[in-house]
Amino acid sequence: MKTDTPSLETPQAARLRRRQLIRQLLERDKTPLAILFMAAVVGTLVGLAAVAFDKGVAWLQNQRMGALVHTADNYPLLLTVAFLCSAVLAMFGYFLVRKYAPEAGGSGIPEIEGALEDQRPVRWWRVLPVKFFGGLGTLGGGMVLGREGPTVQIGGNIGRMVLDVFRLKGDEARHTLLATGAAAGLAAAFNAPLAGILFIIEEMRPQFRYTLISIKAVFIGVIMSTIMYRIFNHEVALIDVGKLSDAPLNTLWLYLILGIIFGIFGPIFNKWVLGMQDLLHRVHGGNITKWVLMGGAIGGLCGLLGFVAPATSGGGFNLIPIATAGNFSMGMLVFIFVARVITTLLCFSSGAPGGIFAPMLALGTVLGTAFGMVAVELFPQYHLEAGTFAIAGMGALLAASIRAPLTGIILVLEMTDNYQLILPMIITGLGATLLAQFTGGKPLYSAILARTLAKQEAEQLARSKAASASENT
């Protein structure tokens, strides 16, 4: 009978297989792992930068208000100091932008979208200091701007900086870290990690490349930036409006009407922003002196309003809980809404370094509160609470303007910790977005990016013509 004998090649084959596995592991592309590690670095740096920016703005605002205390006995002097303090801070921000990094002006979010499409440069070595300190000047001066624009652009530029410092190669790494930094910036600005993720996936959906690595990187970056924020600011809702009552099912149709109102107003607001940009550009004509002086005048006006009518100035985070609590009359709400529409248009359209998320959240809250007060009077049988309409309206203008309803809904839920209102918020946001799309017009950031690219193309064409003319001569 034939017996099986152990093969002498078996141990050799096993060793050969082990060597091949080790060789394959060593030769495997480490880029995905490196990207994920760098995403954690980007998120950490963005979170620290956002905290520093937030603390810097708060410190400047406190110093500015403290300077007014010393002139409280002399009203004319008080108004003069209020104007000058804000004007000087604003002029500082405008000057930095115009002189050293024009792409740091405005929100900065369209710049990141353009960079993701390979249509706008990312010069982090000059944008980072200009956006940071310029934003400190404009927001610290009390202008009607949000901090999310600076933190998103700072975040995207930090992503590119990390890419360059660690010399990662490839389009995937560049694109992923840029998007990761932007998402981390929004998350740290509002203590809203899920909104930061949705912002990239929804608002930047035409530019964002959906790959397994990019999604993981965005998650990691957002987690790290939020951890950094909460280490210094604790785990609390950014806006404390208390726990509001849920909306009964038989009242949900009212939230659809509210969404329709925002769906009409959103595209109109976008047109006003673009029209104000054209108007203010005609005022300064590209001249740096005129532009800085114009910015100083707008900043000084916001400083005066911050003293005379505080609800009409600043980003709006202090206004939201007061309006939601029903502490304003209908007439006062109308005044605040009209005044803040004007100041928002002036500040944002002038090219000041600052965002428009926070001002739009405040406008949505005021309009939602006014609608809620009317509904309470017209339908007493429903036992309505005006504050629920304020929360629903907070993200509706954002949804109608930038066409990102999910981002607006989740952002407000994370900021206010009122998750029981998710259904009326979905109805309001969906109604606003659908009607805004039906009425036409581009989302705000897309329209601003299109203008920037058209201007860039015109400048490149002018330079090429000038170069051709010089060669011919």
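Backbone N, Cα and C atoms are what each Cβ position is placed from, and that goes for glycine too.
Per Swiss-Prot, chloride binding site is recorded for S107, I356, F357, Y445, and the stated evidence type is sequence analysis. For S107 (chloride binding site), the number of other Cβ atoms no farther than 10 Å from its own Cβ, over all displayed protein chains, is 24.
Residues or ranges marked as intramembrane segment in Swiss-Prot: 109-116 (among others).
Residues or ranges marked as intramembrane segment by Swiss-Prot: 177-189 (among others). Packing against the intramembrane segment (177-189) from elsewhere in the chain are residues 35, 38-39, 42-43, 46-47, 50-51, 54, 109, 112, 115-116, 122, 146-148, 151-160, 162-163, 168, 195-197, 199-200, 204, 208, 214, 217-218, 220-222, 224-226, 228-229, 357: each is 6 or more residues past its ends and has a CB under 8 Å from a CB in it.
Look at Swiss-Prot and you will find 193-201 (among others) tagged as intramembrane segment, backed by sequence analysis. Here the intramembrane segment (193-201) has Cβ contacts under 8 Å with residues 179, 182-187, 208, 210, 218-219, 222-223, 225-226, 404, 406-407, 410-411, 414 of the same chain, all six or more residues outside its ends.
Sequence-remote contacts of a segment are chain residues at least 6 beyond its ends whose Cβ falls under 8 Å from one of its Cβ atoms, and for the intramembrane segment (387-401) they are 241, 244-247, 254-255, 258-259, 262-263, 265-267, 269-270, 320, 323-326, 357, 360-361, 363-369, 371-372, 375, 407-409, 411-412, 416, 418, 421, 424-425, 427-429, 431-433, 435-436, 443-444. Residues or ranges marked as intramembrane segment in Swiss-Prot (evidence: sequence analysis): 387-401 (among others).
According to Swiss-Prot, the feature intramembrane segment maps to 405-416 (among others). Listed as Cβ neighbours of the intramembrane segment (405-416) (distance under 8 Å, sequence separation of 6 or more from its ends, same chain) are residues 190-195, 198-199, 202-203, 237-239, 241, 357, 361, 391, 394-396, 398-399, 422, 425-426, 429-430, 432-433.
According to Swiss-Prot, the feature intramembrane segment maps to 417-421 (among others). Counting only same-chain residues 6+ beyond the ends of the intramembrane segment (417-421), those with a CB under 8 A from a CB of the stretch are 237, 241, 243-244, 246-247, 388, 391-392.
Proximity of distant same-chain residues to the motif 'Selectivity filter part_1' (106-110), defined by a Cβ-Cβ separation under 8 Å and at least 6 residues beyond the stretch ends, is recorded for 131, 149-150, 152-154, 156, 182, 203, 348, 351-356, 445-446, 448-449, 452. Annotation comment: Swiss-Prot describes 106-110 as motif 'Selectivity filter part_1', evidence class sequence analysis.
Sequence-remote contacts of a segment are chain residues at least 6 beyond its ends whose Cβ falls under 8 Å from one of its Cβ atoms, and for the motif 'Selectivity filter part_2' (146-150) they are 50, 53-54, 57, 106-109, 131-132, 135, 139, 185-186, 189-190, 315-316, 353-359, 361. According to Swiss-Prot, the feature motif 'Selectivity filter part_2' maps to 146-150, an assignment based on sequence analysis.
What Swiss-Prot lists as motif 'Selectivity filter part_3' is 355-359. Mean pLDDT for the motif 'Selectivity filter part_3' (355-359) in the predicted structure: 93.
Long-range Cβ proximity for E203 (site 'Mediates proton transfer from the protein to the inner aqueous phase'), meaning a same-chain Cβ under 8 A and a gap of 6 or more residues, is found for I109, I402, R403, A404, T407, P443, Y445. If you look up Swiss-Prot, you'll see E203 marked as site 'Mediates proton transfer from the protein to the inner aqueous phase', on the strength of sequence analysis.
Per Swiss-Prot, the feature topological domain 'Cytoplasmic' maps to 1-32 (among others).
Look at Swiss-Prot and you will find 70-76 (among others) tagged as topological domain 'Periplasmic'.
Swiss-Prot lists 117-123 (among others) with the feature topological domain 'Cytoplasmic', giving sequence analysis as the kind of evidence.
Per Swiss-Prot, topological domain 'Cytoplasmic' is recorded for 167-176 (among others), and the stated evidence type is sequence analysis. Distant neighbours of the topological domain 'Cytoplasmic' (167-176): 31, 34-35, 38-39, 116, 160, 209, 211, 213-214, 217-218; these residues of the same chain sit at least 6 beyond its ends, with a Cβ under 8 Å from one of its Cβ atoms.
Helix, strand and coil counts under DSSP for the topological domain 'Cytoplasmic' (202-214) come to 5 helix, 0 strand, 8 coil. The topological domain 'Cytoplasmic' annotation in Swiss-Prot covers 202-214 (among others).
Shown in sequence order, G146, E148, G149, A189, F190, L398, L411 are the residues of the chain, 6+ apart in sequence, with a C-beta less than 8 angstroms from the C-beta of F357 (chloride binding site). Sequence-distant contacts (6 or more apart, same chain, Cβ under 8 Å) of I356 (chloride binding site) comprise S107, L145, G146, G149, V273, T344, F348, L444.
DSSP classifies F357 (chloride binding site) as helix under the three-state reduction. Max Cα-Cα distance over the annotated chloride binders (S107, I356, F357, Y445) is 11 Å. Taken residue by residue with DSSP, S107 (chloride binding site) is part of neither helix nor strand, so it is coil. Contact between the transmembrane segment (124-141) and the transmembrane segment (422-438) is not supported, since fewer than 3 Cβ pairs fall under 8 Å when only residues 6 or more apart in sequence are counted. Note: the stretches the transmembrane segment (288-309) and the transmembrane segment (215-232) are not in contact (fewer than 3 CB pairs below 8 A, sequence gap of 6 or more). The transmembrane segment (77-100) shares the most Cβ pairs under 8 Å with 33-69, out of the stretches 33-69, 215-232, 253-281, 422-438.
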